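A.B. asks: Checked TrEMBL, it gives:
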type: COILED; residues: 281-308; note: coiled coil
type: COMPBIAS; residues: 1-22; note: compositional bias 'Basic and acidic residues'
type: DOMAIN; residues: 25-173; note: domain 'PX'
type: REGION; residues: 1-27; note: region 'Disordered'
Amino acid sequence: MLDELEQHHVDLSDSRQGRTESVDLGNGNDLRVEISDALSEKERVKFTIRTVTSLVPRFARPEFSVIRTHEEFAWLADRLAENVEYAGCVIPPVPPTPDFSSSREKLARLGEGESSMSKEEYDKMKSELEAEYLATFKKTVAMHEVFLRRIAEHPKLREDDIFKVFLEFDKDKDEFFEAQKRFITVFYGHLRSALSEADRMNRHYKATADTYIRVSACASACTKFERDDGLAEFLSSFAEFCERYRKLEGRTASDSDLKLADTLHYYVSDCNSAKDLLYRRARALADFESANKELEKARAKGKAVQKAEADQEAAFNTFNTISEAARAELISFKQRWVAYLHKNLTELAELQIKHSRGQVQLLTQTLERLRQG
């Protein structure tokens, strides 16, 4: 039953009935964007984005479609937010990450308990869970579409070059760059998730260390009022243990922050830079293709052929230069990432072993002292 959800196609036609179209009514300035199709593949959702526009020749064709993933939506939102030209604009928030884990877990539990219920009960519960999954899926699609429509309706954001490439640029003819784009897109999503979890873990480390401060202070305060000498000594030893353990926990948090979280922070930014490079190359390719079309038109009309040829040659040279440099940079990016991550994670593991030994030693010493007391 779970296999049915691993690759799930959703018909969106019924959800479009009665919905108003996002259209700029300015003469010859239409830009309509919608998600016409969506496909769930395990943990990823592929959105088919359909664009209809009268903004030709800014766009190569009046109607076209591309396939994008959630990670690409998140990247587009980040790029718009970081652009100083849009500092005075309200940037639409990135849609939430598609999450169907709850529905999948319920279906998995239902499958495990199939033998203990009647066929009618099983079919009814399965139908309800599939309806819940479908509703979540359609909500996810709708929120991603609202994000795009808000950009398309904005008088300034709709003119952004990266948004144009996002809407228009389809599969790269060069398999190397297409593979790099797929890798970096997925890699970026995993990095963001890992960074979020690493930051959360470090917050818990620091919260634990802060708790030991309060426990130590309370134990120390109790020794001043305790009349039993043995219990007072016990509380004093316990307070000392908490203070020393707090320092070890604080060092663990600092090392994790430095060797793990900072590494992930750096590579989220580096991954963004790599995606920017791919989109700059995509823009250069789009300019080259536009120059080819302009040259064909000039030759057909027999006018301004020399200028069109010069523009086409300049666009071709720019695209080739960017492609050659980008190929070397992306290969270096992967090699640098593997080496840097290996180094920092190895050092983090060694520090964790060191701190764990220190904690064990402290616990052993404290227990011995308490037994002797």
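Placed from the backbone N, Cα and C atoms, the Cβ positions cover glycine too.
Predicted automatically and left uncurated, TrEMBL annotations should be read as such.
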A.B. asks: Are there residues at least six beyond either end of the coiled coil (281-308) with Cβ under 8 Å to its Cβ atoms? List them, or say none.
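C.D. replies: Those are 57, 60, 161, 165, 168-169, 172, 177, 314-316, 318-319, 322-323, 326, in sequence order.
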A.B. asks: In the domain 'PX' (25-173), how many residues does DSSP call helix, how many strand, and how many coil?
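C.D. replies: Per-class counts: 77 helix, 28 strand, 44 coil.
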A.B. asks: Summarise the model confidence on the domain 'PX' (25-173) as a single mean pLDDT, whole number.
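C.D. replies: Within the domain 'PX' (25-173), the model's average pLDDT equals 83.
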